[in-house]
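A.B. asks: Questions regarding the structure given below will be posed in turn.
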């Protein structure tokens with residue numbers, strides 16, 4: 001049944017009969033042109049419905065919510081309102097109506113993606129802002145002396161970031177890889193206080209080892225949340241502080257390897273989803289950030305990342321209600337500001353830290369390859385993924 005009355009968005013005296021209804025406020029409209037004039041209202045409706053549904057799920061809901069931003073791009077290329085996911089008559093039933101229209105196999109496939117934390121495969125790959133143009137050759141030059149091919153492991157490759165497709169998933173949910181442009185780099189803070197103004201005594205030499213831990217968590221969280229979403233700011237910061245012991249628990253590390261292992265252990269223990277990077281990928285991205293734009297301005301990326309973190313934590317603190325959460329976010333923000341001042345005055349320490357990250361990345365890669373090779377040999381010996389049942393060699397017969 002079509003909505004009664006004229007379109008609510010046509011110019012006065014030119015109103016056409018209404019054929020569609022806004023799903024949020026039920027205002028009638030006649031065409032795609034009028035819908036676009038009222039598009040923000042419809043976007044908010046679908047956004048609220050999707051976020052409300054996904055907040056109850058534990059498998060990376062934020063990266064699915066990011067797909068809402070792509071709806072605007074899709075609508076700009078559509079010719080008919082029906083193609084934009086709208087239908088004549090009353091407002092649609094939201095996610096529940098869409099879910100009911102899925103086939104049983106499609107429902108099972110989608111639930112499997114959520115349970116495995118792989119729903120991000122439905123989205124295009126996200127390109128980090130620190131993947132600047134020509135980064136590959138410069139990284140190879142900077143880490144050319146790194147042992148065991150660490151330099152080659154750090155060469156950017158957009159296709160590496162998304163997880164590998166699962167073989168038993170339908171083709172409809174396989175991700176289409178693309179070379180998307182990266183987000184604009186966050187601005188480096190214009191005013192960075194002197195380190196002496198933040199600390200009365202001598203700065204500990206162990207401060208430097210907190211950077212790999214913080215940047216590991218930063219790269220992991222950005223990739224997991226597909227660049228971040230203001231509506232999920234609280235979730236973003238909870239993941240960030242959960243992965244980074246330096247920010248979330250004021251942890252101190254004796255080496256870069258220990259700092260990276262602490263963050264990697266959080267992911268390997270299943271406390272947070274591994275995301276598209278995994279532990280090795282986050283180590284690799286931490287090294288890239290530490291290397292910066294080049295020898296002439298190496299600290300630029302690290303300063304931009306720490307400044308971005310300080311601003312993000314500040315916004316989250318304003319939204320937080322619980323005193324404990326506000327205090328935790330405040331301390332994490334202060335830590336980022338301290339590291340910002342330290343980095344600004346200790347640029348020479350960044351290259352050794354980047355090499356430590358590259359070495360740790362290579363060690364994890366070799367260990368993973370060894371485990372995969374051993375697993376393959378055992379499965380070949382067993383004839384499957386599980387060992388065969390034990391056979392009874394001697395059995396006592398009843399007397």
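Even glycines carry a Cβ here, placed using N, Cα and C.
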A.B. asks: Quick test of your reading of Swiss-Prot: among 141-166, 167-192, 193-218, where does it put region 'Disordered'?
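C.D. replies: Of the candidate stretches, Swiss-Prot labels 141-166 as region 'Disordered'.
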A.B. asks: Going by C-alpha positions, which of the binding-site residues (22, 25, 41) is nearest residue 10 (Zn(2+) 1 binding site)?
C.D. replies: 22
A.B. asks: When the Cα of residue 7 (Zn(2+) 1 binding site) is compared with the Cα of each of the binding-site residues 22, 25, 41, which one is closest?
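C.D. replies: Smallest Cα separation from residue 7 (Zn(2+) 1 binding site) among 22, 25, 41: 22.
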